[in-house]
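What follows is a single structure, written as structure tokens, with notes after it.
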């Protein structure tokens, strides 16, 4: 009697007590701002007359007008296309290199493993803005040491920030910074594979390459999928690299990527309403893409965990 | 009752007292000491303000250093929207004033200013803070009349005359580039909309206009087309650069002698000194090349005014400070000599600036030439969406400069005009056709 009376209330309350901080933080710092952004996306300012002086501007309900404007905006459509191309270029190369480096480091023959691992990972620790400035200097022909060396050798040096190469130039910075992170994730999960498996395969006559492709890669598939989703989201959110490079070249517009357009609308044009609408669109697209992909590969990715 | 009742009465009385004093605030503060915050990005402004604080212990001004014009404006607009957080006094570039007024961020201080303040400034400059109305939204601080800088040694070596007209400028650009294919007399900067607006201003353009209760937009006008056509032609010919200014490459060019001329404004010496220290004593300042020989006109690039924000609770004192800062002879001298700005006050331009900047020690008449240019600034009206137009400039002219086609420069102008008008109509403004 006494024991049960003591036990019952905590059982109902305890979970909520434990969850409360997370729920409060989520509500305060995630749900509320998202809700406010959605609210703003349905609003607009209405101007009367010249828009000067007191009361010449007021906020009104705009319905879906901001969304319509945002989706029909050729600048937005262009930026989406550009980022799609950028993703097609960046994600496979980044994932491929990360996997290759992870497998090489994991293979028994690798020497200087600790050094190589750190060397590949280190660029990830460099903030994107600094990385972009650094690469920007390397790209600019007038100050680039590469161009200088090429000039001394009488070799032509391509203008890496011309309209032709700019997409590659930006993707290269993201690649330089991103490979290390993905490599570490994959390398860590490779390390978790029992060495018995490789040994058994070796006894069966499998070479290193076969072991890598037929045994290691399928086992780390969940990690591969996770890093892929992270890379996908990072691609959709590309902002820091092009924004930092923009003052150095004519070939990056202020709406080069969707997030740059949001930033410009909100802070250059002082139109938070259409910026909110565009960001809601981007958030939904990210959600659909990442969950869609997880759904598509879900059984494969989490098959092992689901089995028992 | 007893003790608790007594406490309640004391608290009630205290609340009443504070409530009363709250209502009486304006009267009390007219005499009592107040403190004001001042957002500015002019270098060493705190030292100039120290002079004021010394003499006015009742109105203490604290300088809050900002990163520059655009970030400060963004912060002020955000604070205005949020209802709190704005400073009392704010440095604002002329082209941002209509935007700030439209967003109700700046207060009308015409009642708080001595009418004589207006007389201290050239009419065109004063028009920039009144927007052509009876209201006064700021007190002019500095101006940026445009001038032409060139490397005297290079001109001498090639036997070139300083260009008096744009045709002569083009000719000089050709000769310099022919003599050394690495050398350019200038660059077309698609990153500096204010620079291009100044050039259009010189040619007689005024990008916005007020027509009763509606705005008009004349970016794609005869005058601006003339300017776009001229620079597009030079870029297409390849005799001037097409890379933006203020990049590491451009800075290096000033220093290593591949950029031997710069169409800029009177504040140029600071930039040259910072980027091209090696070339000290080799540069000279001249009046801008003209479209019509004999007709003196120039544009303005940059320049700012001191405004009082709509959130300030001490507008009277803030206006008094803004007027002092920009018209008091001692303050103007300090602005010019400590803060290094080119004062907007007419008297300040000749009284405060007698010796040339260090970098131009070779040109004793530096400020006389500058003051002459300042007197020829053509009128220009900015509109409520300058930010949109400037942004459109960056995007459209960035593409045009990259293609190096003259026709693309004119297309860029058309696109800039369309974007600006569309933004105004989308925002609900009435736009005269």
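Yeah, the Cβs are placed from backbone N, Cα and C, and that goes for glycine too.
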Stated TrEMBL location of transmembrane segment, expressed as one of A:165-187, A:188-210:
A:165-187
Need the matching range: TrEMBL marks transmembrane segment on one of A:16-39, A:40-63, and I'd like to know which.
A:16-39
If we skip the immediate neighbours and take only residues 6+ beyond the ends of the transmembrane segment (A:219-240), which ones have a Cβ under 8 Å from one of its Cβ atoms?
83, 86-87, 90-91, 94-95, 98-99, 127-129, 132, 170, 174, 178, 182, 185-186, 188-190, 193, 197, 257-260, 263, 282, 285-286, 289-290, 293-294, 297, 300-302, 304-305
Distant-in-sequence neighbours of the transmembrane segment (A:16-39), which means Cβ under 8 A and at least six residues beyond its ends:
276, 279-280, 283
Distal contacts, the transmembrane segment (A:165-187) - CB-CB under 8 A, six or more residues away:
82, 85-86, 89-90, 93-95, 97-99, 101-102, 105-106, 117, 120-124, 126, 128, 131-132, 135, 139, 158-159, 220, 223-224, 226-227, 230-231, 234-235, 238, 241-242, 245, 249, 251-252
So if I exclude everything within five residues of the ends of the transmembrane segment (A:83-106), which remaining residues of that chain have a CB under 8 angstroms from its CBs? That is, six or more out.
113, 116-117, 120, 167-168, 170-171, 174-175, 178-180, 182-183, 185-187, 190-191, 212, 216-217, 224, 227-228, 231-232, 235-236, 238, 257-258
